Amino acid sequence: MTQWIAGEWVEGLGEEFTSLSPYDNQVVWRGKGATAEQVEMAVKAARQAFVGWKKLSVAEREAMVLAFAEQVKENSEEIAQVIAKETGKPLWETRTEAAAMAGKIAISIRAYHERTGESQKEAAGNQIVLRHRPLGVMAVFGPYNFPGHLPNGHIVPALLAGNTVVFKPSEQTPWTGELAMKLWQAAGLPQGVINLVQGGKETGIALAESKGIDGLLFTGSANTGHLLHRQFAGQPGKMLALEMGGNNPMVITDHYGDLDATVYTIIQSAFISAGQRCTCARRLYIPLGEKGDALITRLVEATKKLRVDQPFAEPAPFMGPQISEAAANFILAAQANLQSLGGESLIEAKAGEAAFVTPGIIDVTNIAELPDEEYFGPLLQVVRYQTLEQAVELANDTRFGLSAGLVSTDDGEWQYFVDHIRAGIVNRNRQLTGASGDAPFGGPGASGNLRPSAYYAADYCAYPMASMEGEETLLPATLSPGVEL
């Protein structure tokens, strides 16, 4: 039983698909996808549930969400184990994701009260009231890199605001999506408030095309996000929130401070989660000269020693495999293409068993037309530069704008960087992959439109209703010109 529709677990009627553990290619989940007809059943179930769900008080909806939070906490180790088996991420990392699932719920609740809710004031004898109302049925598309944590940042704010949800996990991580829905079920969520549809591309197309949804919340690749944007063209009545990827630059200056601390910050930025975070550093700008040379030498030495292994290995690895062999082959093909364009590998990424790829670093300084692509994996491009102004200009030469970072102890360099860089997340002397759940998450350009973090998700899960109110109608002492009573 792979689909959860109207509170019932039912078998999919579409094509069979499987989830393979990327570190050994073992099948960890098997089922059939939802057909277009089943997707419509899920949307209709969500529409029917919306009538009662939106009428509940905020306190009642919040209590249901908190019950889910307790389920997450009680089952955190199972969540971590499932995510590790399905994504290949090290167990230490998936345990942090399980904890973040619960932590993001508290942020979402606070955000609802601070950014939405109801407020009123008096002006010129009128009560000016601001209320917020749910949009209706929200489709949520989840990614594979954080299959528990990131969908939660959409689903919880949507439910708190009074919406109902149809959730489609990534076809790479159906097991995690199924487990999350079973925890909602255990929390006592009324039937139809969340509906789960599993499947691949065809299931996703059917959900996005459904006339019964009022909005779509998406985290995933830029290519899929752009397809959704075109699909929603001419439908201003539907809300579309896109959080996509980035070709993220990290600039190091001669004033980088401690050498090992800088190397560690780069490694955390480029290779954590095997490079499968949308905020990972893809382009590393290092100054020409002795200090830059020393940094590269140390970075190469440290990267060669990174432990790459299956998630349950002892001692624990720093990173695991790519999500699939296809994803691994994409990284190797990208490396080969950059080499053919004139790039020089400082460390060559190499294929291992199943979906494993070792970290790669390639100097692309001599490539005249550097491809503006997101290489979603452990492949770091190095560019040598002469001036900070040149580095920032090169860093901004991308259609993306998700994250960027500067490593420098010089306040003047930081001020120049933060004034001229184009990105939604800009860090100083911290890893690019570090982001706060109560800060906006997203960026301009091809990286998306809205800010789908837990805190700012409240902004697009409800619409504001402005009212001017009085207890009775009023007749002014002086009527408007041309009016006689």
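Placement of Cβ uses the backbone N, Cα and C atoms for every residue, glycine included.
Here is what Swiss-Prot records for this protein:
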type	residues	note
ACT_SITE	Glu243	active site
ACT_SITE	Cys278	active site
BINDING	Gly220, Ser221, Ala222, Asn223, Thr224, Gly225	NAD(+) binding site
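Projection of Swiss-Prot feature records onto the structure.
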residue	record	contacts (Cβ under 8 Å, 6+ apart)
Gly220	NAD(+) binding site	Phe141, Pro143, Ser170, Glu243, Met244
Ser221	NAD(+) binding site	Met244, Gly245, Glu374, Phe376
Ala222	NAD(+) binding site	Met244, Gly245, Glu374, Phe400, Ala446, Ser447
Asn223	NAD(+) binding site	none
Thr224	NAD(+) binding site	Gly204, Phe218
Gly225	NAD(+) binding site	Phe218, Leu242, Glu243, Met244, Gly448
Cys278	active site	Asn145, Glu243, Met244, Gly245, Gly246, Glu374, Phe376, Leu402, Ser447
Additional residues around NAD(+), ordered along the sequence, whose Cβ is within 8 Å of the centroid of Gly220, Ser221, Ala222, Asn223, Thr224, Gly225: Phe218, His226, Leu227, Leu228, Met244, Gly245
DSSP three-state assignment for Cys278 (active site): coil
Gly225 (NAD(+) binding site): secondary structure state under DSSP, collapsed to three categories: helix
